[in-house]
Every structure is written in C-alpha cells, then in structure tokens.
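Enquirer: This is the structure I want to talk about, given as structure tokens.
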Amino acid sequence: MQKNKTAYFITGTDTDVGKTYVAAALVRHFVHQGLQAVGMKPVAAGAEMVNGRLLNSDVTALIKASNVDADLALMNPYVFAPAIAPHIAAEQVSMTVSLDDIQQAFDALQAKADVVVVEGAGGFRVPINRQETMADLAVKLNLPVIMVVGVRLGCINHALMTAGSIGAAGLNLVGWVANRLDPNMPAIEENIATLKAMIKAPCIADVAWGEEPQFIDF
C-alpha cells in the first residue's frame, strides 16, 4: 500500500451474509470521517445491462457509498451476467480473471482515495480462475481482512473455519462483523458471545436485522 493510504479486504463466512451491506456502510463510515473513500468489487457475477454496460447491484451500492470519482472499470474490473461462481461465469465467455489486472485497478483507485474498501465475491476460498481463489487475491493485494459473519444456525463453525483460513493465508484479520441474518435464531446472544470469545480479532460491529452498521473504534 502507498504511504498514508488505507485499504481493507471484506470477506464473508458464505455468500449472501451481507458483505456488500457492510462494505458500503464502511465506505460511508470513512466518508463521514472526512476521508476520500471508495469501494471496489474486483469480480462480480450476476449483472444486468444498463446503458450498454453490465452492472452488478453490489457495485451500484458501493458506487453510491463512495465519494471518489472513479471509472466503473476500476471499481469493478470483471463483471459477468450469470449469478454463478465467478470462474465458471468467466469460462462461459472465454475469459480468465487476472490478479495482475485487478492489482492495476486497485493501484489506480488507491492513487485517487484515502481508503479503498475491497469486497470479495462469495466466501474466502471461492475460485476466481482454475488456479486461484479470493484468498489469493487478498494475498496479492496484501490487505488486512474484515470478516462478515452471517449470524444464523451454523455460523460458529463457518466463522472459525474462515478465520483459520485467513490466518493460514498469512493475512491479518483485523476485525469481524456480526450480521444478524435471522432475528429469530435460538440462543443468538450465546452464539455471538462464543464468537467473541473464540475469534482473536475484535468484533467491530454487531448489526441488528435491517440496521445500519455502527463501527466501534474503527
């Protein structure tokens, strides 16, 4: 990372656990601190044609949260129409996702912004091509990681496995977010307490269903 620049990689314990919700809120958090902040979704699968370009709804949310004037191609270098695993979507249109291309887009964004919030696709080990995964992308960018935990049945196992995978990749898990996906989940407070006790990184936000994340000491 460039001097005096900050960036984070947002991953999740699964798909549809609220990564975009948290990533966009984190961008807004930095904007409210008076910083130039921008979101990035390097690879997005599931998009519709808008004004002649494929546009993913997650990317739209990040654009709305950002206060940096950046080209769509930098914020979202790879976008595919079908909502399937990125490497499969890429192969269907005879493309291969390149980490070097993503690095170049990230560097260009970082030159424009104080903070870049990079949102992964799916979980931490989702493939982006036949050889590399989202974990390899996080390593390539060398970013501290924030993990979004979808708090529902099975979340403890998913969270601990993901946290372990982040550590095994040699990356720094700097915080995690408890995103309460099921407000009727039995023993929800006990589950969150267990996560706080077993995950070494701090819980930087505990998000009730439908509420805006409020980040603690971050």
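Using the three backbone atoms N, Cα and C, a Cβ is placed for every residue, glycine included.
Pasting the feature list from TrEMBL:
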| type | residues | note |
| --- | --- | --- |
| BINDING | D16, V17, G18, K19, T20, Y21, D58, E119, G120, A121, G122, N179, R180, Q214 | ATP binding site |
| BINDING | T20, D58, E119 | Mg(2+) binding site |
| ACT_SITE | K41 | active site |
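Map these features onto the structure and tell me what's around them.
Expert: On its own chain, D58 (ATP binding site) has K19, T20, K41, A44, E119 as residues at least 6 apart in sequence with a Cβ closer than 8 Å to its own Cβ.
Within 10 Å of the C-beta of T20 (ATP binding site) there are 24 other C-beta atoms, taking all protein chains into account. T20 (ATP binding site) falls within a helix when secondary structure is assigned with DSSP.
Other Cβ atoms within 10 Å of the Cβ of K41 (active site) number 26 in total over all chains.
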Enquirer: With the Mg(2+) site defined by T20, D58, E119, which remaining residues of that chain have Cβ atoms positioned within 8 Å of the Cβ centroid?
Expert: I10, K19, Y21, A23, A24, G39, K41, A44, V59, A61, L62
